[in-house]
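Below is one structure, written out as structure tokens, with a few remarks after it.
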Amino acid sequence: MKRKLGALEKVDADLPNLQHKIRNDSSSYQDDFLNQYSQYSSLYELFLSSPTTTDDAGLVRLRDLIDFVSHVADCYPAITTGFASDLTRLLELHHATLEAELRDKIVTSLVLLRRKEVIDSTNLLNTLWPLLISTPSKSLRALLFQKILSDLRNSNSKSTNHKLNKNVQTTCYNIIASDPSSPKGLWAVKLTRELWRRQVWSDAKAVSIMEIAALSQDAKVVAGGVRFFLGGDQEREEAADEDSDEEGGIDMRQLKHQAGINKKSAKRDKDLRAAAAKGFAEKLFAQHLQPSQPKVRLNLEQKLLVLNLVSRLVGLHKLTLIPLYSYFIKFLTPRQPSVTGFLASLAQATHSLVPPDVLDPLVQKIANEFVSEAAASEVASAGLNGIREVCVRQPLAMNETLLQDLVQYRKSKDKGVQMAARGLLSLYREVGAEMLRKRDRGRDAALKLRSKDGDGGLERRFGQVEEGGIEGLDLLEKWKEEQGLDEAEDEAKGCENWDAESDDSESSGGWVNVESDGEEIDVSDSEDEKEKEAKLAEKRKVAEAEAVKEAIVTETAATPTDADTASRATASLEPEAALKREEQRISTLATTRILTPADLAKLAELRQNAAITASLPSAKRRKLAQQASAAAQARHADNAVTASDIAGLAKFSHKTTREEKVAMARGERPDENGRFGAAGNDHRSTTARRKEKKASEGKSTTNKEKARKKNFLMTLGKAKRKGKMSLVDRGKVLKAHVDRGKRGGRRGNIG
């Protein structure tokens, strides 16, 4: 028989109901709340006096009362003034011995009080942060980190809370700076990296926290700081893409507005970044890589991370760090673990301002260690690919004898080695054809060399800077000629719509004073000037026409007996004349006209069309060659080089096993470690891919495919009947089949 509960016990057993009533009418249930709050105070004092002797029932009751009071504390602010401080004291004194559920309830109750604005974020973070870096409980650390992160995100959701951000950033910075060898700084790194990824922190203070973390004396803290600089922006872009997908759109006006802010200080910011990057790279190298016994012992993976960051900074900002290149010497052997990572870092650290004398021993070492007849095909292809990546950024690192030797590996029987050697050959056909043998130069490179009268037109010198130009300017000139636009009319038409078409252009907020070298520039829009320009343009056209006419007369004046000599002379003069005409035409357009916004928009459109047209050649071989050439020309020193880029051609040297062939036939792709298991469609038949597409779209298969999967016993009766069918019945069936086909199936499509 159940015991009857008293009124007070019913209230105690139904705290959620009382909580609901208090939320609706707090004044009417104040006495009930005072009763529950007095019970909480008694249990709290009892627990503080003897925390280890409190029974389970008392802990459960205390936990329920803490949850109840935290939910309704904002209804009675005068009564619960000391509730938050009680929870803070309880957590600080006994967080190591508290029951896990009671401890978690206290943390969530403090966060709830912060959301109800009973306490502010500063008090909450001052309570939770010391516990995060001192508690030994893994589950409590995860809970505290999640609550701190969510509170910072909520505090910056509507507007940036600069005061709170500055306090937390100062705390994170001081944790690492006060004790560089302590692992406590790892939580500062994790918090900063996550808030940067979520775009909550985006100022220089966050970067300075990660900079001092990368220069600390704890291996995990160093690795976290270095990973931030190597992949922080990419993680941020991915998080922004996820957020934009959830929001359902992108505000293009806001993006354009942000892109136009502070354009005047772009050069100054670039100079400051280069100076900061130089100091940072030198400190990283001097502290973690250069000393024989560094203050922090990094494993091989962590060393590669630091080396990757240093080489990335050196290559991106074109810094001069000569000791870095001698550091690579001892690691450039095929027996070195993760040697492709060292090759990739060496390629990243190379740029056009590195002295060739510094890179020559490294290239020789790679060639001697990796590229030989006795080396494995994977090793040789990785070595050739590494040499090519270095020479893309500094072609002068290669000497003529070594280049001619390495190019001969294009005749190797191994496909990976063959492709790597051909890549090196195609590179030097573009940047240093005079270093190749005549039979290896190719037709285009030979014509370019001959057009410069043997002066070595492709020869480069150390420190030489190529002349700049506007890409695709010839396309714009050709389009204007096809449209039949006169220069004066076109310029006048462009100036009319200048203001309307340049709304999104750069605005510096005032006049810009342009001074010449002691000369005055007179700009006039008078009719006389336009007439003069038109006459000059007409004279240039007449002169070009006469030059073309004279060239035609000279070519046709060759006698039949001198046909061979004339053809050779014409072949030798054609490239030179074409190049001179092209340079003269482009320079004329660039120096005699001011390109309007309409011209620039049309230039971008013509570039895009030319790129699409260039990617559609007639022959497959020419298409692959053009794509490889375009990819080589598109390479820039800013592009990162990974270990997979160095060892990429080694897959052509690997012979697939039977298991791998079966996996590829099933549509599985290899992962990073070469194991199969990831789904893919590369090696399956068209029928299999079409079948998977139908299944993913929820479509059914055909009756023919269903019949193939039907159980054999279900088709046995039909097969027996067809075998016993008479000739007359077979004819009826065939006739009915023909009639159904004529009327469009069983249902029919004609009346």
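Indices start at 1 and increase along the chain as displayed.
Each Cβ is built from the backbone N, Cα and C atoms, and glycine gets one as well.
Residues or ranges marked as compositional bias 'Acidic residues' by TrEMBL: 516-528. Residues or ranges marked as compositional bias 'Basic and acidic residues' by TrEMBL: 656-674, 694-705, 727-742. Annotation comment: TrEMBL describes 68-276, 278-413 as domain 'SDA1 N-terminal'. Taken from TrEMBL, the feature domain 'SDA1 middle' applies to 511-666. According to TrEMBL, the domain 'SDA1 C-terminal' annotation covers 699-744. What TrEMBL records for 483-535, 654-751 is region 'Disordered'.
Looking only at the domain 'SDA1 N-terminal' (68-276), the predicted model's pLDDT averages out at 84. With DSSP classes pooled into helix, strand and coil, the tally for the domain 'SDA1 N-terminal' (278-413) is 96 helix, 0 strand, 40 coil. With helix defined as DSSP H, G or I and strand as E or B, the domain 'SDA1 C-terminal' (699-744) counts 37 helix, 0 strand, 9 coil.
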